[in-house]
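*Asks:* Sequence annotations record features per position, and here Swiss-Prot assigns disulfide bond to CYS5-CYS22, CYS13-CYS58, CYS21-CYS126, CYS66-CYS118, CYS191-CYS225 based on similarity to another entry. The active site annotation in Swiss-Prot covers HIS51, GLU111, HIS115.
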Amino acid sequence: ISSGCGTTGALSCSSNAKGTCCFEAPGGLILQTQFWDTSPETGPTDSWTIHGLWPDNCDGSFSEDCDPSRDYTGISSLLTAQGASDTLQFMNQFWLNDPDDGSNEELWEHEWATHGTCYSTLQTSCLPEGSPKGAEAVAFFEQVVTLFKTLPTYEWLTNQGIKPSSSTTHTYSALTAALEAEAGVIPALNCDGSDLDEIYWYFHLRGSVIDGEFEPISAPEKGDCPSSGIKWLPKNNEK
């Protein structure tokens, strides 16, 4: 579907304007969040996996669960019915729940209900007339996958000589410098203790989440990893 917005409008967070179908607000600070799960391992050994796409407010606060009437279930069926089976196939490889926490479907339902329903540009009133129910969620999942494909965190780290290891330790600044050399912006790194397990890539948006232009920006704050002694552990098939 097309939003009809184009990509020449104002960048999100550039003004205090109210949210519209073509200007994302108040959640104009957008995070593409990725997991690195090693215990239990999820996803390919040479790729991070998708956590979600979150609309933070420009000051770093955020809203959640913005429209319970659109808490869709059966995301697989929704995607398949609306011609997005390629997106679904990719999600089944790269957007995976921790098996201890539930099914992939449950993670997708949670990410849409908790975060997806909060985008001003994904309100049902923004959809082309005659759009099927859930079309805005399909557009959300398609965009998350599209954006994730532009953020090959594993490849970027290994390009800079940083590889998963159970013994090597890194400083926060060395990891972010390596990623900045590849991506041009600095992400936020989160850890479980001192083990790197999540990364946040930040954007402002011009236009709609459906088909707008995501402009990468550096993280406005650091993640919770320590300043040194960080390990990027390998995925060891510890299932």
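Every residue gets a Cβ built from N, Cα and C, even glycine.
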*Asks:* Can you count the other CB atoms that lie within 10 A of the CB of CYS58 (disulfide bond)?
*Replies:* 17
*Asks:* At the Cα level, what's the spacing in Å between CYS191 (disulfide bond) and CYS118 (disulfide bond), rounded?
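*Replies:* Taking the Cα atoms only, CYS191 (disulfide bond) lies 27 Å from CYS118 (disulfide bond).
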*Asks:* Given the active-site residues HIS51, GLU111, HIS115, find the one whose Cα is closest in space to the Cα of CYS58 (disulfide bond).
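*Replies:* Nearest candidate: HIS115.
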*Asks:* Measuring Cα to Cα, how many angstrom lie between GLU111 (active site) and CYS118 (disulfide bond)?
*Replies:* 11
*Asks:* What is the separation, in Å, between the Cα atoms of CYS21 (disulfide bond) and CYS225 (disulfide bond)?
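*Replies:* Between the Cα atoms of CYS21 (disulfide bond) and CYS225 (disulfide bond), the distance comes to 36 Å.
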*Asks:* Quick one: give me the count of other CB atoms within 10 A of the CB of CYS5 (disulfide bond).
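*Replies:* Total other Cβ atoms inside 10 Å, all chains included: 20.
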*Asks:* Near HIS115 (active site), which of the recorded positions CYS5, CYS13, CYS22, HIS51 can be found within 10 Å, Cα to Cα?
*Replies:* none
*Asks:* Using the alpha carbons only, what distance in Å do you get between CYS126 (disulfide bond) and HIS51 (active site) once rounded?
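*Replies:* Their Cα atoms are separated by 25 Å.
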